[in-house]
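As structure tokens, the structure follows; a few thoughts come after it.
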């Protein structure tokens, strides 16, 4: 059978799988269909709206901007989230909520994943809200799996509304929840003590998951079948929630797309030093944590987001992370829930280069530029300067012309920050007994041709539009809308929605008519996701061996040599 025949057969099988899904979950409606659906929750009544989805008659009830915590205003700006207050009457949940405070210009830089028409919403500190997308058909006695999406954006930018869950809800027959959390200094700056505890952005997501447990049933969701999933920083948060005792029992499956907490770009920092540096930049320097926080509380929120030179990360030795994530992993101190995770084949193809302000340097890149652009990240990893050329040599194995040098830098940055940490994390999960499903997304979306160079392959976050059914979204101003998708890309989106929702439903992405996806075991098999999916073996085996065996050995040898040189000098 040819590849084209195999692809056509797989496409037909997925359509049959989707049709069977709609038969298994019948479309008998309890009560009349209304364009402004209303739902009673323990906190009050909400009124949403109904939207359609392309290529299906199914409708989706959408509820936007529902608060899952009290607004973190005034003295609550740097506090852990508090439970939401009930409201009187009917709350309007039909309009898009504001985004959390962030640098909107930087947000607009990261919008061009697939849709350059994406709306940018207003910003506000009153932003701890979530959106719910639920198929209108409610079957008596049955509850749908719940998929809670955590957006990415380097913990600095992003919003829940930019990820429209209507197509995934309709085609996957799941309830999709998208959440917001405090970003930047509002979510992560810390004095390292009680005056400004860290990890507030993570705690916001925990609060949202608690809200889901107590409130999702009236929307047709099953609180006992919750999957958390996220991309980039969202994937980092998903993996963090797995390790935190605070989120125990709040979810039952997890998906990390291009992001895990052991990434080298996210290390626990000297919290007090970082807080002082930031405070000095806004004229709030103080030797006292209490005074520093009081000064920051007096500032206008929008004035605080203009300062870009601040390191954002998690803190340890608190209620969220009692120990460093690596130690929690090594000690297997986490629940063994089914876990699906993966990367793209060109993580630093374009988007992250643009976000990091180094895209303009990529056209004419010399070997000297390669080392210069890599040096800050390698230094952050505490790599001795004498060892850095070893890393460069490893990545220049395909030549030294400009295109090879550019590709070497892209691969190096992608491996350090995302790919190798994901592979290491998957090994920890497997050793602990989690059912693990690994993927590499390999398809270059056809829309890239409009604004990305021809050398960009499957860029960072490019799978999101397929997971969320971008070709089938009716709102073409949504970040992930993909109206120009080819027929093959539509089929890929249908397949990925089926796989992700099947995983949410059963803890396994395999199903009748879907491409076989092997569970990770000693064979180290994974799924190569593209127009013609296939099974791969030992993803980036050589690079993983370099970072986990070869390079550590060379560093040890270098340190031994340094010590041996010091002994004669001391004598």
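All positions are counted from 1 along the displayed chain.
Just so it is clear, glycine is given a Cβ too, placed from its N, Cα and C backbone atoms.
Ranges compared are 564-567, 568-571, and Swiss-Prot records motif 'Prevents secretion from ER' for 568-571. Nearest in space to residue 317 (N-linked glycosylation site), taking C-alpha to C-alpha distance over the active-site residues 232, 347, 460, is 232. Here the disulfide-bonded residues are 100, 127, 284, 295; the one with the fewest Cβ atoms within 10 Å of its Cβ is 295. Cα separation, residue 232 (active site, acyl-ester intermediate) to residue 295 (disulfide bond), rounded: 33 Å.
Of the recorded residues, residue 284 (disulfide bond) and residue 311 (N-linked glycosylation site) place their C-alpha atoms 17 Å from one another. With respect to residue 100 (disulfide bond), the closest of these recorded positions in Cα terms is 311, chosen from 295, 311, 347, 460.
Non-local neighbourhood of residue 460 (active site, charge relay system): 232, 258, 344, 346, 347, 348, 349, 350, 351, 352, 414, 418, each in the same chain, at least six residues away, with C-beta under 8 Å from its C-beta.
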